Amino acid sequence: MRTIFWDGCVKLIDQTLLPDKFEIIECRRVEELADAIKRLAVRGAPALEAAGGYGVALAAHERDFSSVDELKEHVKRAAEFLASTRPTAVNLFYGIERVLKAAMDGNSVEEVRQLALSEAEKIADEDVERNKQMGKHGAKLLEDGFTVLTYCNTGRLATVDWGTALGVIRSAVEEGKKIKVIACETRPLNQGSRLTAWELMKDGIEVTLITDSMAGIVMQKGMVDCVIVGADRIVRDAVFNKIGTYTVAVLAKEHGIPFYVAAPATTFDWGREAKDVVIEERSREELIYCNIKCKQSLIAPSDVKVYNPAFDATPLKYVTALITEKGVIYPPYEENVPKILGF
Ligand code: MRU
């Protein structure tokens, strides 16, 4: 099953409930989808790309319009609203803009609706295809018997299907290699323990859960052959990914362990530098409660000062290679990224 899909409205797996409950939610209004994005019911850069695209299509379908101009105005406003939900993953904006552009070519209400939806469906289909390509390229880096440390969730749930970093691992396993995974829990929202561990166990891929603070000891003990993570935005000098990725990258360098980043071309924002990127800051509740959903059990004084950035920037000097659907890219990135991705 896809993480997000169209079935008369936008349907998606509510990732906030996993691994306790598997539930599909229906978004019939753009507001509902925007809320799902903000509370991370749908998350992960490529899944957000699809969500952005489907969100614009949903705007065209969510009510009646008396003219095509009224519909186009509504769709434009919805696109702006969707773009205001989360600032860091560039894929969200790519998905929104691509479908908006397609929709604006329509000359009737019906045509705008049809163009928007078919473009959104194309984005979703392309995501699955490019993840498989990325997987094939990346699997060449994994030897039989490797143990891979990963961070956050970069699997089926973070994409439409298959995954980026977890897609590489899946592809290697599909080729017959025995791969073990060490999953960091990924505080504060536990995408590693709740989602990565759940996904890999469902697929029968051996996974061991550690806390984020254990990444150092497993490297020091020689338990890790390489690290693979995903990305929310790759700029000329850094990779933006879930908070804590930078720490893992520095540790990997210290221990001489390859650090790979798997991401599609739509995650690249090559015209920008790290200083230009907004890092999302999330609520204090995510840090002070044991369970953000029920907000009951405090794990910090309720009035403590909190800093909760959701992403960090790993300078490209820590990245051994970038795994994309067009191939594996090695340094010098300044030269090789535009050459391979055609920017
Ligand atoms: O806040 P999230 O859960 O949306 O953050 C997701 C990540 O940081 C992922 O590692 C990234 O989007 C790559 S997903 C293939």
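In case you wondered, yes, glycine gets a Cβ from its N, Cα and C as well.
All TrEMBL annotations are machine predictions without curation.
Taken straight from TrEMBL:
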| type | residues | note |
| --- | --- | --- |
| ACT_SITE | Asp232 | active site, proton donor |
| BINDING | Arg43, Gly44, Ala45, Arg86, Gln191, Asn241, Lys242 | substrate binding site |
| SITE | Cys152 | site 'Transition state stabilizer' |
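Feature annotations (TrEMBL) mapped to structure.
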residue: Arg43; record: substrate binding site; contacts (Cβ under 8 Å, 6+ apart): Gln15, Ile37, Asn153, Leu157, Ala158, Gln191
residue: Gly44; record: substrate binding site; contacts (Cβ under 8 Å, 6+ apart): Ala89, Asn153, Thr154, Leu157, Ala158, Thr159, Gly230
residue: Ala45; record: substrate binding site; contacts (Cβ under 8 Å, 6+ apart): Ala89, Val90, Asn91, Leu92, Ala158, Gly230, Ala231, Asp232, Arg233, Ala263, Thr267
residue: Arg86; record: substrate binding site; contacts (Cβ under 8 Å, 6+ apart): Ile37, Lys38, Leu48, Leu92, Glu280
residue: Cys152; record: site 'Transition state stabilizer'; contacts (Cβ under 8 Å, 6+ apart): Ala158, Cys184, Thr186, Gln191, Gly192, Thr196, Val229, Gly230, Asn241, Lys242, Gly244, Thr245
Would you list, in sequence order, the residues of this chain other than Arg43, Gly44, Ala45, Arg86, Gln191, Asn241, Lys242 that have their CB within 8 A of the centroid of the site's CB atoms, where the site is the one recorded for substrate?
Leu48, Ala89, Cys152, Asn153, Ala158, Gly230, Asp232, Ala310, Phe311
I'd like to know which of the recorded positions listed (Arg86, Gln191, Asp232, Asn241) lie near ligand 1, counting only a CB under 6 Å away.
Gln191, Asp232, Asn241
List nothing but the one residue from Gln191, Asn241 whose Cβ has the fewest other Cβ atoms within 10 Å; the candidates are the binding-site residues.
Gln191
Near the Cβ of Lys242 (substrate binding site), how many other Cβ atoms are there if near means within 10 Å?
29
Please report the number of other Cβ atoms within 10 Å of the Cβ of Asp232 (active site, proton donor).
31
